[in-house]
Amino acid sequence: MRWQRLAEEVREHQFRYYVRDAPIISDGEFDALLRELQELEDRHPDLRTPDSPTQLVGGGFATDFTPVDHLERMLSLDNVFDVDELRAWAARVEAETGPDLHYLCEVKIDGVALNLVYERGKLVRAATRGDGRTGEDVTLNARTIEDVPGELSAGGEFPVPELLEVRGEVYLRLADFEALNAAIVAEGKPPYANPRNTAAGSLRQKDPAVTARRRLRMICHGLGRIEGYTPASQFEAYRALSAWGLPVSEHTRRVRGIDAVIERVAYWGEHRHDIEHEIDGQVIKVDETSLQRRLGATSRAPRWAIAYKYPPEEATTKLRAIEVNVGRTGRVTPFAVMEPVVIAGSTVAMATLHNASEVKRKGVLIGDTVTIRKAGDVIPEVLGPVVDARTGAEREFVMPTHCPECGTELAPEKEGDADIRCPNQRSCPAQLRERVYHVAGRSAFDIEALGYEAAIDLLQSGAIGDEGDLFDLDEARLLTTSLFTNKNGSLSANGKRLLENLDAAKDRPLWRVLVGLSIRHVGPTAARALAAEFGSMERIEQASVDELAATDGVGPTIAAAVAEWFTVDWHRAIVAKWRAAGVRMVDERDESIERTLEGLSIVVTGSLQGFSRDGAKEAILARGGKAAGSVSKKTAFVVVGDAPGAKAAKAEELGVPILDEEGFVRLLAEGPAAVAAEEPESG
């Protein structure tokens, strides 16, 4: 029977997730199974028994610690997965309460639930969720969490209640998780799969000293039983918790109406990786507590709250092989070849593994079932192996000793480097084609007609010997290629377009020329800084390491890489060829533009209507300012457009003046005296 098989499968995964802290499928795959079971029971209500996995909260408590009853049940949350389902939930709520409600929008932390009980302000018990009625006592371990006070603070406006039961989420910050994994892999142990499971296992250590070393954190997000105080709203409850010294999220917002809720959901869907911990959705709650009581709850979840789950960014798949790629600077990078799997709306079959040390740190073997993540446009990443799924047939990856493209012996550039490189920079076929393709990239010369296949064809046909020959290409040499030649032997339309693109690219600004040279560590930010400081390729070439390092935004590592690059004869030959072909090597300062931002550091975050990202940076640089990438106390202004990231919040925290786009335009035209700090409304 389908229901029986599905229920047993869900129960097994619940056991692995909640009790063993060792799941073998992703959260998204589990959600899909549970949803299928719920839909089956919706069609056949007689199947919905009290012990069905759809009716239980969590997977039951583990037996390692003393069972303890919660004062009030710890309910779970129902989930929605798209805006239509969210609107349908809100419609059901507002049919009962009336329209135009205030909702609280909270980030949904991907952690483990914890219940704290305070009597007369002192912590007396901490317990895991368990089955919602009975959990396990982890008081000693909870006391090691920095965010959990042993005694509540006097609340001023909010007197400390006689009895307080508060719920929250225990989690690991991503940086702490990475540090923990690095440490245990160095000891020869397999890495942990993800922060959530690691937090759960850390909370249930028998030795509290082990828990203390794990650097767990906590955010409070709800109340159980409370005596001596009744909050009028969820928002007020959070103010009270904060006054008592309990941690609450700084990302919670109170909004009116479901449209505003959907805006918050969309915002955090785009910015979920701007937070120090993992989130997997938004929790939306009716704010007014009297309405919460009216709406009530089902056997497992409140009707006044819902979890909007973002599309899964993690999945499990089979690691078929580990191969290596040679990049434009000679770096040899292992990458994973996997059975294709759909994540975040796209099919993923390959992911970088960075270097041999990273393969070892992650503990992955060829043949493993692995967990992979793809966050929006971010390159897919292998998180680690599902150790419980191993069969014994897996094998270790061995890094090659010679370049797979040219056969040159591989070696680290200097002792202690994690990366190994092919030293045959000048003629290694892989490095050549990657450099030619890089010249055409959007951050360099932005040559639309020169794609990856074109780069390969130009080199293989002999039309060019290296990137130095690009700007001297003519019709005769293009006719030696297959890609740019028609069947009748004439130049194709794409060939003509390539020649036009190359001619136009000769007049690109100096910073783009610098990026196109493939100097290690020199991306658009450093290139802009060098071009603004020195103004010509000749002056950059002649500058000392100290002079280069003194450039704001460059520093010693980039300076050394630039100076070293210009000591190589064939590198200088590329510059000479480009110069001879008419590529502009000097930035002529437009004297008509006033230096209104001389010495000021400006950060732009979010999308502006009248400026592209590069356009905003160039406008700042042209006026003598620095287009910085991060906010600090030295930042003069932060310009905030649509959908700003964490930089806006950082500016608020540091008291840095915030401008909208209109203020930015005035700042460019008239300087800092003409603008006042403008803080956009948060939603």
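Using the three backbone atoms N, Cα and C, a Cβ is placed for every residue, glycine included.
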Candidate sharing the NAD(+) site with Asp27, Gly28, Glu29, Phe30, Asp31, Ser76, Leu77, Glu106, Glu169, Lys285, Lys309 (per Swiss-Prot), from Arg2, Arg129, Arg133, Arg143: Arg129
CB within-chain contacts under 8 A for Cys406 (Zn(2+) binding site), separation at least 6: Cys422, Asn424, Ser427, Cys428, Pro429, Ala430
Where Cys422 (Zn(2+) binding site) falls in three-state DSSP terms: coil
For Lys108 (active site, N6-AMP-lysine intermediate), nearby residues of its own chain (Cβ under 8 Å, 6 or more apart in sequence): Ile279, Asp280, Gly281, Gln282, Val283, Ala307, Tyr308, Lys309
Around the Cβ of Asp27 (NAD(+) binding site), the count of other Cβ atoms that are within 10 Å: 18
For Lys108 (active site, N6-AMP-lysine intermediate), the three-state class that DSSP assigns: strand
Between Glu29 (NAD(+) binding site) and Cys403 (Zn(2+) binding site), the C-alpha gap once rounded to whole angstrom: 39
CB contacts for Cys422 (Zn(2+) binding site) [other CB atoms within 10 A, all chains]: 24
